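Below you'll find the structure, written out as structure tokens, and then a few comments.
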Amino acid sequence: MSNSYATTGARPTSRWKRFVKSNLLTFLTVVGVFGGTALGLMLKNSSEPWTQREVMYIQYPGDLFLRMLKCLIVPLLVSSITSAIGSLDLSMSKKIAFRAIVYYFTTTICAVILGIILVSTIRPGAGRDVSTMGGKATTRQVLTADTLLDLIRNLFPPNIIQATMFQFRTILVPPANATGVPLTQYKITSEFTEGTNVLGLVMFSVVLGTCIGKMREKGKPLLGLFETLSEAMMIITSWVIWISPIGVLFLVAAKLLEMASFVEVLGQLGWYFMTVMLGLMLHGFGTISVIFFLTTRKMAFPYIAKMSQVLATAFGTGSSSATMPITIRCLDNMGIDPRVTRFVIPVGATINMDGTALYEAVAALFIAQLRNIHLTFGHIVAVSVTATAASIGAAGIPQAGLITMVMVLDTVGLPAEDVTIIIAVDWLLDRFRTTINVMCDALGTILVNSLSKKDLSGEANGHLELAEPHELVELRPDQKE
């Protein structure tokens with residue numbers, strides 16, 4: 001009796017210990033987000049306005065954490081995509097790529113349409129005084145055609161080493177007397193601006209992985225190198241993420257200290273802020289969840305609940321690329337096939353920006369409403385197409401959507417300077433839309449894995465049939481006597 005009591009009495013305790021141990025990091029990261037919010041508000045209201053140097057000191061621990069994550073992006077992205085494609089049959093790679101791209105394209109289009117419906121229904125810019133709004137933002141003269149051409153140019157970098165540090169962009173130089181001269185008559189030059197050319201690295205990795213897959217036996221040594229590098233990056237990630245609670249806390253606190261009066265900002269942009277937030281919530285927990293259920297016949301919410309660590313990190317860093325190592329690790333822990341995870345997540349972190357597409361469509365129509373500019377159905381379609389293309393061109397870095405916003409404004413004939421109208425709340429919306437982007441990538445990976453499960457198991461069985469007897473013993477230890 002006593003032994004039975006002791007055993008049954010110990011079970012809840014051991015289960016509780018296992019639960020705490022497995023969810024400790026997630027809990028601490030979520031606490032870091034709320035703790036950073038509380039710390040930022042407390043410091044903001046405790047003294048005179050904080051100087052730039054004082055804010056820098058507060059942000060310093062978070063900046064170190066962000067640097068560690070960004071350091072992992074290039075080696076993890078290249079090794080993950082190359083090893084994932086190289087380890088799959090070419091026909092299997094095509095199926096996974098096709099399913100992922102169809103999913104990304106569908107969700108992005110849905111996000112843009114939802115954003116346009118909401119902003120056209122709520123009309124957050126109607127009756128507002130545009131003269132009281134504005135902020136500081138650096139804008140550059142650019143044509144939509146140049147932005148799209150640069151997007152394609154960056155897919156094919158002339159130097160793969162250079163692509164890890166710089167990306168190409170077109171510069172329009174005004175003539176001596178530029179007054180009244182259209183942008184099409186500006187002098188065309190170019191430059192390599194600082195920032196990783198993620199699109200170029202993805203394209204190179206896809207081509208290299210395909211080549212390794214076609215080489216079969218000859219390509220195995222090189223494939224092994226990339227698989228080992230990918231595994232090493234994931235081990236380093238498992239070390240770095242234990243700093244995430246502290247890093248996220250100080251990143252959020254520093255951003256709140258930099259912010260102007262939140263009450264005043266909401267008074268000017270409150271309806272715009274609420275429209276974007278409503279769109280993001282409806283898209284993340286409505287549209288994507290419905291697509292997920294219709295495709296997999298499973299509810300998305302249990303999976304979302306397991307992503308707390310990933311979503312909290314995405315909110316704190318504001319970067320889908322920086323969150324990528326943690327997303328891959330989370331999906332590995334869920335039992336998702338690594339070959340799918342290591343292909344779909346890096347590609348998604350690069351081209352799938354649902355939250356950004358929705359935000360840019362809402363922002364363009366909001367500014368048009370402020371300016372009392374009536375947009376025809378053709379203009380709205382143009383905004384939809386441009387917002388989709390701009391979201392693909394937005395690198396997974398903080399506030400990249402603000403840069404591509406200029407491209408969307410140009411589509412409806414609005415000046416680039418109007419970006420300053422929404423700059424006050426962009427930093428906060430950027431974190432929410434990044435969180436939705438990352439969640440969409442993760443659910444997309446689970447969806448593609450579910451659709452590809454039979455194909456992947458069939459390929460594994462095919463490998464067993466072609467294997468040598470001694471390899472079968474290694475692959476299937478359950479048959480050992």
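Cβ from N, Cα, C; glycine included.
Curation does not apply to TrEMBL; its annotations are automatic.
Segment annotation: TrEMBL labels transmembrane segment over residues 195-213 (candidates 138-156, 195-213, 328-346, 366-384). Across 24-44, 234-257, 269-294, the stretch most heavily in contact with the transmembrane segment (64-88), judged by Cβ pairs under 8 Å, is 234-257. By number of Cβ pairs under 8 Å, the transmembrane segment (269-294) is matched best by 100-122 from the list 24-44, 100-122, 195-213, 234-257. Using the rule of three or more Cβ pairs under 8 Å, pairs at least 6 apart in sequence, the transmembrane segment (234-257) is not in contact with the transmembrane segment (100-122).
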